[in-house]
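*Asks:* Got a structure here, written out as structure tokens. Questions coming.
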Amino acid sequence: WEFNGSFYQPSAFLMMGIPGLEGLHHWISIPFFLLYFIALLGNGMILFIIKKTQSLHEPMYYFLSMLAVTDLGLTLCTLPTTLGIFWFNIRRIGFDACLTQMYFIHTLSLSESSVLLAMAFDRFIAISHPLRYPAILAKSTIIKIGLAIILRSVLSLLPLPFLLKRLTYCKKTELSHSFCFHPDIMNLACADIKVNVFYGMIILLSTVGMDFIFIVLSYILIIKTAISLATKDECLKTLNTCVSHICAVLIFFIPMIGLCMIHRFGKNIPPLVNTLVAYTYLIIPPALNPIIYSIKSSHIRGALLRALKKKSY
């Protein structure tokens, strides 16, 4: 412990695996390792195929590349500490290292929310204004959107580590997860955390909350446009182009909302539920997104098959 007058700050935190199942961590690590492996391989393959296939150099696939990069970042943020606990029982993480991991996890989560909103906008333009689609989403526009996403995420969450660093902490240093999460660290403090709570809530509502609202509005307009088409087959074909994105939105936002609710209001919820929701939020989307897009997109599937044939030859 570092002592400076009445100010206490732990030198490290202790992370938690799956409560009540510590004796099974080696076996539990197998599905976690597989999910991480699928996330790394799948998103890496998506990026490789889009880069190498000229026909995929379109706005939709540029946004998909952004999603894959974000998912790779999230995977690499949580993989060392999660597998470190399951394989080697390494629970200790330094205070500054914990704040750094927390900052990157939240920044990448916010970036993923923003990318999903950009993908919803892409689908709306492609369906509502197909003739103007290439002009509206030119390469320069996509680059500007990407830079805006990065700046928005990096700058809006920059105060978080400093708001946590100013707090004095109690002797309890055990986190609820195998990674560092802002509400989790904040709740270990003995000081007044109203500023942290208020800032966290404002950022959550003004970024992820607004993203979700605009995604829903985009799909209301998309459905309205699809219904106005001449035939039922054309309507279904149009909506079918959005299935992958809808799945990506659901598997990201549902666990995220659940985890936020648990940390805000779920004082009496069993720790196991809290842990499972957290893992679902951070590990499942990066693993499932490349699978969903590979299954639903015939262009990606075809490019993947051609790449595999070239390798075999």
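Placement of Cβ uses the backbone N, Cα and C atoms for every residue, glycine included.
This is the feature table in TrEMBL:
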DOMAIN    42-293  domain 'G-protein coupled receptors family 1 profile'
TRANSMEM  24-50  transmembrane segment
TRANSMEM  62-90  transmembrane segment
TRANSMEM  102-121  transmembrane segment
TRANSMEM  142-164  transmembrane segment
TRANSMEM  197-222  transmembrane segment
TRANSMEM  243-264  transmembrane segment
TRANSMEM  276-295  transmembrane segment
*Asks:* Give me the stretch from 24-50, 102-121, 197-222, 243-264 with the greatest number of Cβ pairs under 8 Å to the transmembrane segment (62-90).
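*Replies:* Per the Cβ under 8 Å count, 24-50.
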*Asks:* Counting only residues 6+ away from its ends, which parts of the chain sit with a Cβ under 8 Å from the transmembrane segment (102-121)?
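*Replies:* Sequence-distant neighbours of the transmembrane segment (102-121): 60, 63-64, 66-67, 70-71, 73-74, 77-78, 145, 148-150, 152-154, 156-158, 160-161, 164, 179-182, 185, 207-208, 211-212, 214-215, 218-219, 245, 248-249, 252-253, 256, 282, 285.
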